[in-house]
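Quick look at what TrEMBL annotates:
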type    : residues                               : note
DOMAIN  : A:40-155                               : domain 'TRNA-binding'
DOMAIN  : A:411-487                              : domain 'B5'
BINDING : A:Asp465, A:Asp471, A:Glu474, A:Glu475 : Mg(2+) binding site
DOMAIN  : A:722-815                              : domain 'FDX-ACB'
Amino acid sequence: MRVSTEWLSQYISLEGITAKELAERITSAGIEIDIIENRNQGVHHVVTGYVKHKEKHPDADKLNVCTVDAGQGEDLQIVCGAKNVDAGQIVPVAMVGAKLPGGLDIKKAKLRGVVSQGMICSAKELGMNDKLLPKELQEGILVLPENTEIGVPVTDVLGLNDEVLELDLTPNRSDCLSMLGTAYEVSAILGRELTLPKPEESLVEVSDSASNYISVSIAAEEQCSHYSARYITGVRIESSPLWIQNRLIAAGVRPINNIVDITNYCMLEYGQPLHAFDADRLPGGSLTVRLAREGEKMVTLDGQERNLEPHMLIIAAENGPAALAGVMGGLDSEVTDQTVNIVLESAKFDGGTVRKTSRQLGLRSEASSRFEKEVDPAAVIPALNRAAGLISEYAGGTVHEGIVQAGSAEAEKKIITLSLPKVNRILGTDLSQLEVKTLFARLHFSCGDAGEGLIEVEVPTRRGDITLDVDLLEEIARLYGYDNIPTTAIQGKTTPGTLSKPQLIRRALRRLLTHGGWQEVLGYSFIHPRQAEKFASLAGESNQVRLAMPMSEDRSVLRTSLIPQLLDIASYNTNRKQPDLALFEIGNLFHSNEEQLTIQPKEQPVLGMLLSGRRGSKQWNVQPEKADFFDLKGAVESIFQYLGIAPSTVEYKADQPADFHPGRSASVYVNLDSGQVKLGTLGQVHPQLQQEQDVEDTYVAELLLDPLYELTDSSVAYQDLPRFPGMERDLAIVVNEAVEAGELTASIREHAGDLLKKVQVFDVFTGSKLGEGKKSVAVSLTFRHQERTLTDEEVGIAVDQAVQALEQSFGAELRK
Amino acid sequence: MKDKLMALKAEALGQLQEVADPAALNDLRVKYLGKKGALTEILRGMGGLSAEERPIIGQVGNEVRGAIEEVITSKQEEFQRKETEERLRAEKVDVTLPGRPLTQGSVHPLSRVIQDIEDIFIGLGYRVAEGPEVETDYFNFEALNLPKNHPARDMQDSFYLTDDLLMRTQTSPVQARTMLAMKGETPVKIICPGRVFRRDDDDATHSFQFHQIEGLVIGEGIRMSDLKGTLLQFVREMFGVNTQIRLRPSFFPFTEPSAEVDVSCVKCGGSGCRVCKQTGWLEILGCGMVHPKVLEMGGYDAESCSGFAFGMGVERIAMLKYGVDDIRHFYNNDLSFLKQFARI
């Protein structure tokens, strides 16, 4: 809402307070004002002048030499290039010494040999928003009305000595979508008196009753509680007086003609939208407010034919729809230059109904946005009277006696009982009954006592946002000043501040990985449907969950894996010469088994990891090596170890998960109490995909966090330090290449007895010495007894058992 | 015999004087003092001496041995010193060459801000609560006093999945869920960090995905003054002990009274600068006393209980704290941006 301070000061004195101070006071009381527009953008010494003569410039086809009376005693000779300048006009004249917006100084000048003692100005040159002016005034100089006084500052004539406050209204404060509502607010803030217009007092009616000509009825009471109209005859359609135009322009509304301008003016003043019909184009003069019928059509003011639906509220004349209630009038009954008699409408239409219609038809206007937020029922009649009065004064209309109406303007009195102890209990203040009542008096809310510590407050209908005692509490708080509320600490029971186990584990993962050189990244929850098909094994056999109205196809489905975006991030950084990457993200993936979504999709927290390029940084004396599968697997194993998850709980299966390099990937399974579950996948990205993503060899992993939460064992229990030395034995085992190292170590663990404490693979190689299809796996076995030193014999027996088992199961041979 | 010994001594000391390397020194030691060395050779002749002479010659022999050993030892020490010096010279490094760093990653700056804020509130006795990213219309709106057709729904255009399911537009639904889960028990003291989504075109200050942290306290006798006290403590821990706050009345459907909270500018301290657009203040969060309808829908009696709630944008806080000028940096994941946060 744009509020002209010039206009506002008609209702309340703004003496001694600048627009900036006023804006600050209003802001600190709850309505934010970020923008204050000075309508005078730098116009000095520009006056109104009368063009006496116009002659062609002797040496320039496009220039005119004008003789202008600017009330200075002597006529001025001014050269003007505007096409529309003509003798007999009153125009803005920037005299020698004048200043114009943009820093233009007017000096005496010669144009092609002819002296010019100033400049005739266009609206744009005066710094006005000419988009709000009629087309003809946008193109040439600004032509002022014939009756404009000569020689007076144009800033006065055009209302430029005005500052406009832009109120950024929250949805609850639609009462301030009007000048009067704003005046009430400012009155409460400043504690100053209000002067309200009394339209009914000055209105002159002729005794020929309006009801002789028109009638109204409501056939949709739920959608329209009150419909009122006046009948006005003999109007002259012309421009409205400048003061109305100026105020409309200040409010950002384009002046059209006196009738339309007056309805808009009254809407801005009261917050009550009005509509004028050409009475002679409403056959029979009867108007019915009703819902549209199936298949009904009408042409609206903008020339569009609209197909109406039964939920839409219309004003119907005898020949069909004449207006879409609260949204837009019909073309048929539009006020035109030929209009003589009008029906002026003021009504209360249901907000939800108007909203639905305006949304559906894409027609949103100053009027519809006010109806949507529910207009004040008490303003319907005053606004109607105000407009009738102005039309009588400025359009020569004859107002016929009486208001023709249906429904009722009566709104229930809204009385809220407020408990003073509750006020102080909730706000933490110590206000007295008198202080509270004084605050309500400033708001023009009447108060009465209702027993010990209770105040009865009558809330005016214009404040539809106030329905509960806490709403009144906010009124008290904001007028008392939030700054004046004390600052205290919470009393009562204390509570321990904690993180849950999953939260602690996610933090532990971040700690472990970042300390190990991994960088956390953040992706979006939305991805491209094609991406959602990749690496989606953890989402199971689910359907993609799609947004109803995505902003782009790239971000249209919920992610089923973090890996596709990790790859995007890898490409992005690789393209920026940052190819050495160790990235992770902790986030949710989404899946649903429903074809048509009816319940929330399952959200599963996962850890995604990506490794690419070289491990470690480039150094002057170390050649960094390319990261490989085992760097990634090592990181995953470190996570298990850090979370206290025993290696025996975890199983890696080379089951060729989709989208991975088939020979360098695995699925990870863990044993829960409920059985073995798939925890995740890890491995090299399939070379084909790597190429598509334009990245080098890249390794990715994704692990479900829920099973990790379950398996995490954070109980650290001290174990006796070994008091006796252990014994180590190294074995070089030659087997077929297809045999997995994990099978060998598992077999050794199984058969070497309890003394075996540790098995570690320390070398793997192939070569012609070993024979075709063979490999050597070197393992180191550590044996220890907690109570005594071991003998060579007993260790020898254990090793022999293990070796025998290897020979039997895998055809292994020991390399000597 | 004594003469022989003295001559041997003179010869040995003379040769030792000339010796130039540890190997030659060792050779001389063997030659004179070894088991088959010259000194042993001479002393072997002691068997033919008289009982009077024997101790005298023995003493001379020991003196000669001692003198030679002393020189050998001092020579050995000298060689060792030289060798050490040489080694130290050879092992010298250029200390201005760069060292090998620990590999150090970092958490994402948004995680970092969330953790910082969580830690402040954990210290104040809050629990961290979480909720789903896909919400029902009921929890995202209706339970927060935003019935269908409420004008305030205009404020946030949402990503709907179906008529009833949407990406949450705020973390406030976690409040509603927590209240129901607590079944009327007090006090409730939670903060809820999480992702939220709104249909905004991405630009320097808007992102369709961003993060919020919501706070909720419910108990007997919770006052608006407590809200002010809590927020003041929070901003001082977050932005520094001299930070001031200012509350301005505002509107949120789920609180009444409601306020916007400004902090004194983190850059200029309130004197006015480019960051605060010369106002000295920065808007950082919204808050208010929990609306009685929200309390009641959450299973709390609005007459005996009261509460406050607050919510803030994590990106906004991060941008202010670290001086980041474009919200898109947080989602581009450019390493040269992220690495800047790999430090305390």
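Along the chain as shown, the residues are counted starting at 1.
Cβ coordinates are placed from backbone N, Cα and C, and glycine is handled just like the others.
Since this is a predicted model, take the numbers as computed values, not measurements.
The secondary structure of A:Asp471 (Mg(2+) binding site), as reduced to three states from DSSP, is helical. Cβ crowding, taken as the number of other Cβ atoms within 10 Å, peaks at A:Glu475 among the binding-site residues A:Asp471, A:Glu475.
Under DSSP, the residues of the domain 'FDX-ACB' (A:722-815) split into helix, strand and coil as follows: 33 helix, 32 strand, 29 coil. In this structure, A:Asp465 is the one among the binding-site residues A:Asp465, A:Glu474 with the smallest number of other Cβ atoms inside 10 Å of its Cβ. In this model, the domain 'B5' (A:411-487) carries an average pLDDT of 93. Mapped onto DSSP classes, the domain 'B5' (A:411-487) shows 33 helix, 16 strand, 28 coil. Summarised by DSSP class, the composition of the domain 'TRNA-binding' (A:40-155) is 10 helix, 53 strand, 53 coil.
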